[in-house]
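A.B. asks: Please see the structure below; I have some questions.
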Amino acid sequence: MLRHRANAINSDWKAIDPLLRPSQIIEEVDDETKTTGIKTYFISRDKIKSYWAPVFLSFWILLYYSVAVPAFHQLPNSLSYQDEILHKDRFIAERAEVHLRKITEIGPRVVGSVENEVMTIAYLKDQFRKLKSEAKSFYKIEYDLQVASGSYIHWKMINSYQGVQNFIIKIGPKDTNSTSYLLVNSHFDSVPSGPGAGDDAVMVSVMLEVLRVLSQSPRRLNNPVIFLFNGAEENPLQASHAFVTRHKWARHARALINLDSAGSGGREILFQSGPNHPWLMKLYKAAVPHPFASTVAEEMFERHFIPSDTDFRIFRDYGKIPGLDMAHQYNGYVYHTRFDHPEIIPRNTLQNTGDNVLALVRAIANSTELEDTGKFAAGHVVFYDIMGLFLVFYDESTGILLNIAVSLAAIAACIYSTKVIASQVDLTVSELIKHFTFTSGAQLMAVIVAAVLCLLMAVVLDGINMSMSWFTFSWLILGLYFCPALFGMFIVPAMYFRLTRDGRLPIGCRVKILLNCHCILMVLITLTLTICQIRSAFVPMLSVLFYTITLVWTIPHTFIGIPPFLFFAYLSHGFFSTFIPMTGRFGDGVNPDLIIAAFTIVTSILIAGFTIPVFSLFKNSKIIAGIFLFINLLCIIFAVTPLGFPYRPETTVHRAAILNVRRTFRNEQNYIRRVETGYFMLPQDRRARSIIQKFGYTELAQSVKTDCDAEMLCGLPLYNHRWHKARNSGIWLPGPDPNFNQMPVLKMSTKNQLSKTKMRFNMILTGPDHMGIFLRPINGGNISNWSFHETPLRMNWPSPYFIYFSYGIVTSPLEFYLDVENNLGNWSRPAFEIGIAAHWNHDDNLQTADFKQFLASLPKYVDAIAWPASYDTWYF
């Protein structure tokens, strides 16, 4: 019923599809066809009967839920101990699951804690001893426990560390002299608030099981493999920096497999490759049994659309090691919460990841490219999997040529299609060009209206404090955003057709022209993205490619539309599944509904751009538009009721960063001028302030903006660079005094005048294992040198400076110096102000009874990131 028949030139109008007949011909043949032929079941006069519209729509919905969604969630059957007899050279998921449970039973593994620095290291040592005793005799297996200190720049923060640990196992043939190693990395530390099963104990467990299989397999490795069990990733990324800049084996690492997580369960996605090493993707394609990869994810991550970072960046930037970055991303609701337990990770997830990592380690370690990776550096690649079945990849240059070739072919096909239409209707070329021009304008306006309706819905819901109503019930997005988008894409062309009726141009031809116009629009998008060097241009290119096929081979539009629909639905479902949980940690400075609206617009153009115009072929098309609006209204009603409240206990929680704080401010004479105690809250998502109302603390809650104007960095114990960036949105709630066991102490050990205008201050700092140092020169001075990382001074960053400092197994005081320069040589007044933020983030015993009572009073759906903290200022 939706075939493109415009190419069938025939002077006998009775032999032509009724949808392509001019209206004056329909009357002549109607009596002869109304009782004969199968078309009478579908077509009435010049349109398809209206009751087929729901069937047509249901067909696409059925494809989405029966094919695309299951393809995204597919996982292999897991292997257990019983299967090991028949699969001695396979990854056994149950073994990895045992590791996962034992590691998480240790508890939260925060840098500086006994759990992280002693107990987890002890577990890894035990596994190494067992591994070595059971390994094949031709393997040499050794380990090294690295303890390192250093610093580097992480965004706008100096990241300084002392005594962090790495546990490293190297496996390779005894008779090899190879100095080309493969590096496999994951981290065993966790955030303070949870057991860290998904992030990242699951990957540590996968690595341990991969090690076991390799060490007991008769299949030898050509090159050694380093398994880096990273002890400080959440700090962030400190231990990977320690390894790549200071460890003896790091200089031999030629390629990397980085394993991380932003979720708990599901398949691991390959979202970073290389850069500039396509041979890695070639090996991934050849070796991995369960491919899941996307250039779109890579480019979004590189452009900071995803609020996370991984060790991959450290290895790439500091070690120049090319590699592959893979992570779990499903069920991000529990990521970095106390509900990140091993029980919610399916054993099939372990099997999926283990199969892939084991195959990839073998492929890369045995490859000839590993011996001299520089010879194979050849530019970026475009890569994506097809429904998890196989991987497509090609280099960036090929992608550019392919995008241009498909676009030119599409333009030619659309011109030819329009020419054929012109030969069959009583219109001049100029009249047809006029129709094509106006139809293009109508289609462009339809896309604009769809975008405006979506964005308007996001702004309105946020304005009435109803954003994120889809956070728990994600299907609400279909009604809140997809229905307005589809309505806009449908109603504008429908109104255009009604207002510009022309009996010489049948509705089928008009819809065909409309589809051609949408194809040209997609061509423009493809070429624009290509010019901007965005490799994700392959997405609209595929849409153009399949539509061009329908024009060239006159294949029924519906049939050829199925493959791209399934691919785009599969791709879109994955991104919605990833980004919806992420909106719970975007902070309150971002309207997450705008993000969802933007995804909806892109998805609608891809999935429905060549489908929605077809509804104009149905009778009573206004009813279709009404259905979209009716569903939208129902979802709005649902969203504003308590059922639309975003959060639910344990499954879709509200993240709340709450510190019990004592703030002490001093004047230039170091006399205390102000002391405050209470709770510092930093919103983690857009609904945080409405949550404050539910807590019942609205009248007591105070904005910190006044302090941000008066005090250095708001006078708050900011924890890391994200808190530093979002500090203006903080909330202060007066409350009881916290409890501390080791208050930070800052002393000036010596002060030496280096010249008339320059003074060196030698400082000693003691305190808990997580501290922030805030620093700004005053009274006309500036810091010309210090013992921290030199980049902020060399790049003339404005003060105040933010130094993040933590220590692991080494607890000695931090000693540092500052060289302050004052051109006037006036040292009668202090030269700089320094603030120390101290965090006791892994000792629940330090939480006072009042603090525990306050946390217990919060709603059950709140997951509090909570610990005591202090902030003190001094002048020197």
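Glycine too: its Cβ is placed from the backbone N, Cα and C atoms.
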A.B. asks: With TrEMBL as the source, identify the stretch among 373-393, 562-582 annotated transmembrane segment.
C.D. replies: 562-582
A.B. asks: Residues of the same chain, at least six outside the transmembrane segment (400-422), with any C-beta under 8 angstroms of its C-beta?
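C.D. replies: For the transmembrane segment (400-422), the list is 4, 6-7, 9, 394, 429, 432, 436, 509, 512-513, 516, 519-520, 522-523, 526-527, 529-530, 537-538, 541, 544-545, 547-548, 551-552.
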A.B. asks: Output the single range from 442-461, 537-555, 623-645 maximising the number of Cβ pairs under 8 Å to the transmembrane segment (562-582).
C.D. replies: 537-555
A.B. asks: Answer yes if the transmembrane segment (442-461) and the transmembrane segment (473-492) have at least three CB pairs under 8 Å among residue pairs 6 or more apart in sequence, and no otherwise.
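C.D. replies: Touching, yes - the transmembrane segment (442-461) and the transmembrane segment (473-492) meet the threshold of 3 or more Cβ pairs under 8 Å.
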A.B. asks: Which of 51-72, 513-531, 537-555, 623-645 has the most Cβ pairs closer than 8 Å to the transmembrane segment (473-492)?
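C.D. replies: Ranked by Cβ pairs under 8 Å, first place goes to 623-645.
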